[in-house]
Amino acid sequence: MLLVDVANASADVAAMSARLAKVARIAELLRTAGRQGDARLVRVVVSWLSGELTQRQIGVGWRSVRSVPDPAAQPSLTVEDVDARFGEIGSTSGKGSQARRAALLAELFAAATAVEQVFLRRLLTGELRQGALGGVMADAVGKAAGVPSAVVRRAAMLGGDLPAVAAAAVTDGESALAQFTLQVGRPVGPMLAQTATGVADALDRFGGTALFEAKLDGARVQIHRRGDAVSVFTRSLDDVTARLPEVVDATLALPVTELIADAEAIALRPDGRPHRFQITASRFGRRGGTPDAGTQRLSVFFFDLLHADGVDLLDLPTGERIATLDATVPREQRVDRLLTSDPEAAQAFLDATLAAGHEGVMAKSPTAPYEAGRRGAGWLKVKPVHTLDLVVLAVEWGSGRRTGKLSNIHLGARDPATGGFVMLGKTFKGMTDEMLAWQTERFLELADGAAPAATADHGAAPAATADHGAADGFTVTVRPEQVVEIAFDGIQTSSRYPGGMALRFARVLCYRDDKTAAEADTIDTVRALHERAN
């Protein structure tokens with residue numbers, strides 16, 4: 001299969017708004033791949049259209065593809081060739097590896113046509129936003145293979161790998177999906193939570209009673225044990241066993257021989273309060289597989305059980321899974337929780353959890369099963385919403401459904417000491433179609449100098465520099481006049497921005513035309529919030 005076939009399909013899907021049309025177009029491509037009888041080919045295509053490489057990370061970022069050779073006139077690259085080239089780039093190491101990687105990348109782009117270069121650039125920089133998320137892809141796999149979507153989703157849930165499920169279904173049919181069962185040692189997609197506005201909202205949505213759990217500001221891990229063999233996986237299913245020996249030891253101390261559990265690994269201070277998130281995250285870095293990738297010891301707290309000693313618990317209600325967890329894990333290694341129908345008791349539990357330095361609470365339906373790999377209605381997260389009034393410093397041209405619109409906004413806090421602004425991050429989250437249309441017109445009016453026009457191959461801009469601008473053809477620097485109200489989950493230490501801080505999970509609430517830039521929140525306010533949280 002030629003790369004251009006995948007690139008054209010990606011462009012088609014990005015231009016479609018109807019879910020059924022997206023599903024049909026992807027299914028058409030998967031059927032074409034399946035007719036070649038190569039399971040690996042199907043797996044690669046599904047991975048790419050999901051915005052991922054089969055190799056996960058190959059050491060290529062925006063700067064690597066910012067300047068590429070002129071495109072080829074005719075398509076010649078095959079999917080197999082490109083996948084092999086990605087593998088070669090990713091495995092390049094040692095002296096001169098950077099130059100070698102650049103040369104391999106240049107050769108690849110020189111052989112690619114214009115539409116292929118656009119696809120490759122977006123794929124390699126994580127900007128392939130085309131609306132082909134997991135649900136759409138699962139439906140497309142089902143349509144291509146003639147398999148009910150529910151069967152595909154279940155297999156992907158248990159196998160933790162939709163591309164592998166797609167390869168089996170498209171090449172060998174529904175019977176091939178029987179191999180995807182819950183297996184100790186093979187990670188499954190974690191169940192995710194929806195959002196509630198508060199504890200009363202959560203109680204109402206669960207019929208009056210809910211299980212509330214402390215939401216720790218650590219790193220979620222999935223732990224597998226068979227005998228003396230323990231594996232620890234991240235939320236994204238990466239194996240981090242060698243980096244977390246204390247988690248392995250804690251698991252081996254439990255009175256079971258087989259186990260699959262959900263837990264939170266977190267760095268705690270001597271007084272029991274959490275360290276800032278970066279301390280925990282340092283133990284999950286990519287600097288090798290030894291504990292010295294971070295020096296702070298982690299504590300592990302278990303909160304759910306998917307399998308215990310030969311018994312699968314996925315389909316059991318939360319209450320029964322928790323009862324098995326309580327019989328397996330000591331109290332001091334379990335996340336704090338409260339089962340209640342009393343809104344005041346639930347609020348007091350939330351307040352105490354926040355006072356202890358944690359993120360908020362999870363509210364869970366006592367009767368819900370574990371929906372692996374899905375954002376299930378049986379789990380709700382309740383966290384305080386922080387907001388800041390910030391100033392837009394620059395905007396990037398969008399991609400996918402945002403093509404032709406100014407989208408990703410650069411956010412800055414006012415610096416009273418200098419009269420300037422300090423960048424704290426970027427976001428396009430929370431923007432409606434109406435907002436995108438309005439802000440495109442607005443920010444072109446505020447453009448500081450000649451604004452670069454949107455082009456067919458625009459993508460995300462590279463990381464912002466200290467002056468927050470980027471003369472890269474994708475970013476429009478604007479006069480710092482427009483105030484925007486931003487919601488965020490926290491403030492983290494960051495070396496990426498000149499203020500040393502960045503917003504976590506920033507999203508747009510609304511534009512504040514009633515405020516001037518002089519009324520925006522200051523960097524001192526942001527710094528105080530950061531220090532208070534840490």
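We number each residue from 1, going along the chain as drawn.
A Cβ is built for glycine as well, from the same backbone N, Cα and C atoms used for every other residue.
Computed from a predicted structure; not experimentally measured.
Per Swiss-Prot, the features are:
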- Glu213, Arg220, Arg235, Glu264, Phe303, Arg375, Lys381: ATP binding site (BINDING)
- Lys215: active site, N6-AMP-lysine intermediate (ACT_SITE)
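Other Cβ atoms within 10 Å of the Cβ of Arg375 (ATP binding site) number 13 in total over all chains.
Each of the recorded positions Lys215, Arg220, Arg235, Lys381 was scored by the number of other CB atoms within 10 A of its CB, and the lowest score belongs to Arg235.
In the structure as shown, the Cβ atom of Glu213 (ATP binding site) sits within 10 Å of 24 other Cβ atoms.
For the pair Lys381 (ATP binding site) and the residue listed as 'active site, N6-AMP-lysine intermediate', the C-alpha distance works out to 8 angstrom. Of all the Cβ atoms in the protein chains shown, 23 others lie within 10 Å of the Cβ of Phe303 (ATP binding site).
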